[in-house]
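**Q** Quick paste from Swiss-Prot:
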MOD_RES   Ser2  N-acetylserine
BINDING   Arg82, Arg105, Thr133, Arg139, Lys175, Arg196, Tyr200  beta-D-fructose 6-phosphate binding site
ACT_SITE  Asp131  active site
ACT_SITE  Cys161  active site
BINDING   Arg258, Asn265, Gly271, Arg308, Tyr339, Arg353, Lys357, Tyr368, Gln394, Arg398  beta-D-fructose 2,6-bisphosphate binding site
ACT_SITE  His259  active site, tele-phosphohistidine intermediate
ACT_SITE  Glu328  active site, proton donor/acceptor
Amino acid sequence: MSREMGELTQTRLQKIWIPHSSSSSLLQRRRGSSIPQFTNSPTMVIMVGLPARGKTYISTKLTRYLNWIGTPTKVFNLGQYRREAVSYRNYEFFRPDNMEAQLIRKQCALAALKDVHKYLSREEGHVAVFDATNTTRERRSLILQFAKEHGYKVFFIESICNDPDIIAENIKQVKLGSPDYIDCDQEKVLEDFLKRIECYEINYQPLDEELDSHLSYIKIFDVGTRYMVNRVQDHVQSRTAYYLMNIHVTPRSIYLCRHGESELNLRGRIGGDSGLSARGKQYAYALANFIRSQSISSLKVWTSHMKRTIQTAEALGVPYEQWKALNEIDAGVCEEMTYEEIQEHYPEEFALRDQDKYRYRYPKGESYEDLVQRLEPVIMELERQENVLVICHQAVMRCLLAYFLDKSSDELPYLKCPLHTVLKLTPVAYGCRVESIYLNVEAVNTHRDKPENVDITREPEEALDTVPAHY
């Protein structure tokens, strides 16, 4: 093999090396050509559909999910680019015969695609969600050519809805609060937005089963009453399609809480499978009274397999379902130890966990990263359900809360989930509304903040600086 043939050049795509050729380098390709598409090439998720079809809702939820499972993902909302370029006046900006506006909109799309390239090829992103109408074949061809030039995979998500009640509700919930309509009369907003939809309908070209048979896509009809999936290419696209087939928009609330205070909580010991303390039992009855006062229709109750969650649920006097996936994080060799004992016997492990709490795995135990993977089926079922009460544990509750509140892996292990407090999560248009309800039963504090000094050579006093008081 010649020296030239043996050289490898790293492309801007993550961790991909290709043979170097001095005569026709792929890195110096001419415009319009393409680079190879590898198995782990980044993916562009392209939204398609008329306005008020839930595209931004889908984009936001999908991005939150993919980030939660560890796939770096970012939304690029074309409406934001357009608002930065020009102030909105009325629906006439979207008329197909408004050539000046058409040019502005195309320039905004190109600016967004430039940022997509920066994110996927330079900032270690793996999935870019291009949130726009993309209703014409011309616009989709532009995006496909862009993806081909940079070696990205493409997966289309088309949301189709012909139910006028669903469309009207979407306009009411989302568009009335849009930056395009600040301080506008509600009736005028509705009138203008319906005319905007009419502008798009003139040139709308849905994905076609025959003409687009070579493309990868999922079509969602009437917010999930029917799906059509075509040519799923890889793991990311498969998980995306599966996730989208599990979400719904039915109004509901999810109640998250920890078990009542346990005997090991009182003694400052982590893990184990102890029963409730006297105050923990008092909380269990307080929780039962609270749930009854809420008059929640068709409530499902989930617990872990551990004694303390089961004892808490028993006080409710209703059927409950046990999930092994909801068990507390496995602390391995550190099970039932206090933080002081861990520092004494495993000072290096204690410091390593403080350095990267999300990825650190207890010897013979689990990490938060492991726990997220274990909880993915729970998240899928929560998305499918309506009203649910989940009685779980501190680390588990942190993982679930991070999903619903879109928290990063750095934030996740330090989310505060105190004992004897219920969090009521109500999904709204682009996020989740949180209500914290303390049930007025005292309990020990089990939250430990990250200490300032996380070095392995630190003094024991520095390592234990943030340990909460216990008996």
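Just so it is clear, glycine is given a Cβ too, placed from its N, Cα and C backbone atoms.
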**Q** In three-state terms from DSSP, label Arg82 (beta-D-fructose 6-phosphate binding site) for me.
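**A** Helix, per DSSP.
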**Q** So what sits near Cys161 (active site) in its own chain, CB-to-CB under 8 Å and at least six residues off in sequence?
**A** Gly49, Leu50, Ala52, Arg53, Gly54, Ile167, Phe221, Asp222, Val223
**Q** State the three-class DSSP label for Thr133 (beta-D-fructose 6-phosphate binding site), counting H, G and I as helix, E and B as strand, and everything else as coil.
**A** coil
**Q** Using a 10 Å cut-off, grab the number of neighbouring Cβ atoms around the Cβ of Gly271 (beta-D-fructose 2,6-bisphosphate binding site), all chains included.
**A** 21
**Q** Suppose we draw a 10 Å sphere around the Cβ of Arg105 (beta-D-fructose 6-phosphate binding site). How many other Cβ atoms does it contain, all chains included?
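**A** Counting Cβ neighbours of Arg105 (beta-D-fructose 6-phosphate binding site) within 10 Å gives 21.
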**Q** Counting Cβ atoms within 10 Å across all protein chains shown, which of the binding-site residues Arg82, Arg139, Lys175, Arg196, Arg258 comes out on top?
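**A** Highest number of other Cβ atoms within 10 Å: Arg258.
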**Q** Need this for a regression test: recorded positions Arg82, Asp131, Tyr200, His259, filtered to those with Cα within 10 Å of Gln394 (beta-D-fructose 2,6-bisphosphate binding site). What's left?
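**A** Within 10 Å of Gln394 (beta-D-fructose 2,6-bisphosphate binding site): His259.
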**Q** Measuring Cα to Cα, how many angstrom lie between Thr133 (beta-D-fructose 6-phosphate binding site) and Lys357 (beta-D-fructose 2,6-bisphosphate binding site)?
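**A** Per the Cα atoms, Thr133 (beta-D-fructose 6-phosphate binding site) and Lys357 (beta-D-fructose 2,6-bisphosphate binding site) stand 40 Å apart.
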**Q** Same chain only, sequence gap of 6 or more: which residues have a CB within under 8 Å of the CB of Asp131 (active site)?
**A** Met47, Lys55, Thr56, Ser59, Val75, Phe76, Asn77, Leu78, Gly79
**Q** Can you tell me how many other Cβ atoms are located within 10 Å of the Cβ belonging to the residue listed as 'active site, proton donor/acceptor'?
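**A** That number is 24.
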**Q** How long is the line from the C-alpha of His259 (active site, tele-phosphohistidine intermediate) to the C-alpha of the residue listed as 'active site, proton donor/acceptor', rounded to the nearest angstrom?
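**A** Here the two Cα atoms lie 11 Å apart.
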**Q** With Arg139 (beta-D-fructose 6-phosphate binding site) as the reference Cα, tell me which of the recorded positions Arg258, Gly271, Glu328, Tyr339, Lys357 is the closest one.
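**A** Closest candidate to Arg139 (beta-D-fructose 6-phosphate binding site), judged by Cα separation, is Lys357.
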**Q** Around His259 (active site, tele-phosphohistidine intermediate), how many other CB atoms lie within 10 A of its CB?
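**A** Neighbour count, Cβ to Cβ under the 10 Å cut-off: 29.
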